[in-house]
Amino acid sequence: MLPKSCMDEKEEDIDVSTALSSRVNDNNQNLDQYLEMPTLTKKSAALNETAAPTQNSQSKRVILNVGGERHEMLWTNLNRHKNTRLGQLKARIDQSNILDLCDDYCREKNEYYWDRSSQSFSLILNLYRKNKIHLPDDFCAMDFAEELQYWGIDDVHLDSCCGVKYTQKVEHIQDQMKKDKAYFSIKEDDFGHGATAWHRSWVWDLFEKSKTIPQKAVGTFSITMIVLSIMTLCLSTIGDLHEYRCKHENVTLCEELLQSSYATTDLDDFEQIDNPIFYILELGCVIWFTIEYLLKMFAAPSKPAFFRSWLNGIDLLAIVPFYVSLILVQNGMSGQWLQMLRAIRIMRIFKLVRHSTGLQCLGYTLRHSYQYLGVLLLFLSMGVIIFSTLAYFAENGVNPEGFESIPQSFYWALITMTTIGYGDISPVSILGKVIASLTGICGVVAIALPIPTVVNNFTKFYEEHKRQQRALKRQKARLKMKSNSVQLMIPMSEQMSK
């Protein structure tokens, strides 16, 4: 039997529980009244759906797991573009070839998995949500193009603000890849398999490449000989460096004339000859150029291609005039033809093109800018004809010596349009000065229009050449790493077999 105090406590507990139960019943009645209201019924249904998803709600949504990042989408959004990979997903949900569209799936969780880039997929999902795709500034155009192709999406769905940028990047990269492919596909020099193949290859690389120390040494020596040859030609024209030879056959008289001062001697008794030092230097340079040309001709992998090369034509032009002039002098022939042959030797300066990337790019620029240069010549020709005619009729009456005829006025118009203006011929009348001013202004405009385009072409070709050189180095580095990895795998496989 419980004590009285416990009995009192028990009775109090019973009273409290009775009161609580009655209060709960009252609250339940009030809650039932509120639930009958339509607005609260909708809200409670939404809350119940959020708290515990039903099978119907799960059938409306799908979980897309791309690269470990889960995205939840409505089937209705995916059905907006039924021709895409995601748009065909629901149509194959009960088919066995569902793995043609995804890498893995879980039908119970309604989840599909792709081992792709999650960053690109987040951008692609905007097509199904907003019906357009936007791209960040630091995206890789080729990588995103590959993702678009995989998901079956055309680039026309890119918004206009990003579509132009995307197209420009893709076209630029594709153009660079084509150039690199064409550059890397250049065939290596084929020297055959004969007994002299290795020697020919070594000699050819010695003169045509500059990778090893011997090749760089030969290239430096060749440049030195070219510069020395040009300096010899220039210095040989200085009168103070010439020597004089007596014309008389009497040896005693010649010795007396040579011992006397040139100031008291008739110079008609002497003939001017080149300094023997210049002749020796010229002979040494020509011997080197000859040896270089013959060795390259012997080692050339293709003789027709060797003779078609304009650089080899310059090499031949650098040595032939010397031997022709030597034959003429030995046969007692001299005069204007001999002087012309000596002047042709200045063409040796073009041999520097072989050793200079900038000069090669300049020649390439001029060859590919002939249209702009043709426009420049057309402008100058039209201006020369027009302004020389106007200047002739304006100046012929007051200045007939300078503007005797229209063809003779061509010189003045050309010098004025090119802004050189020697001043040997100048207009005198007011009308002639006005025409001269207009000639100079038109000349500046005519020259200024095409020249920037030629300069831009040179910059573009030069940068493209440098980029190809860097790409070639990267290609060689990748091939070297690939060969090293193969060599590393062979010993590992041998060790595993043991």
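Note: Cβ is positioned from N, Cα and C throughout, glycine not excepted.
If you look up TrEMBL, you'll see 62-161 marked as domain 'Potassium channel tetramerisation-type BTB'.
For the transmembrane segment (217-238), the list of distant contacts is 206-207, 210, 274-275, 278, 281-282, 284-286, 288-289, 292, 318, 342, 345-346, 348-349, 351-352, 355: same-chain residues at least six beyond its ends, Cβ to Cβ under 8 Å. Marked as transmembrane segment by TrEMBL: 217-238 (among others).
According to TrEMBL, the domain 'Ion transport' annotation covers 218-464.
For 277-295 (among others), the entry in TrEMBL reads transmembrane segment.
Same-chain neighbours of the transmembrane segment (307-329): 229, 282, 286, 289-290, 292-293, 296-297, 337-338, 341-342, 344-345, 347-348, 350-351, 353-354, counting only residues six or more beyond its ends whose CB sits under 8 Å from a CB of the stretch. As annotated by TrEMBL, transmembrane segment applies to 307-329 (among others).
Taken from TrEMBL, the feature transmembrane segment covers 372-394 (among others). Under 8 Å from some Cβ of the transmembrane segment (372-394) lie the Cβ atoms of residues 366, 403, 405-406, 409-410, 412-414, 416-418, 427, 429, 431-432, 435-436, 438-439, 442-443, 446-447, 449-451, 453-454, all in the same chain and six or more residues away from its ends.
If you look up TrEMBL, you'll see 406-423 (among others) marked as transmembrane segment.
The transmembrane segment annotation in TrEMBL covers 435-458 (among others). Here the transmembrane segment (435-458) has long-range neighbours at 361-362, 365-366, 368-369, 372-373, 375-376, 379-380, 383, 387, 390-391, 394, 413, 416-419, 421, 426-427, meaning same-chain residues at least 6 beyond its ends whose C-beta is under 8 angstroms from one of its own.
Counting only same-chain residues 6+ beyond the ends of the transmembrane segment (277-295), those with a CB under 8 A from a CB of the stretch are 203, 207, 221-222, 225-226, 228-229, 232-233, 235-236, 241, 312, 315-316, 318-319, 322-323, 348, 351.
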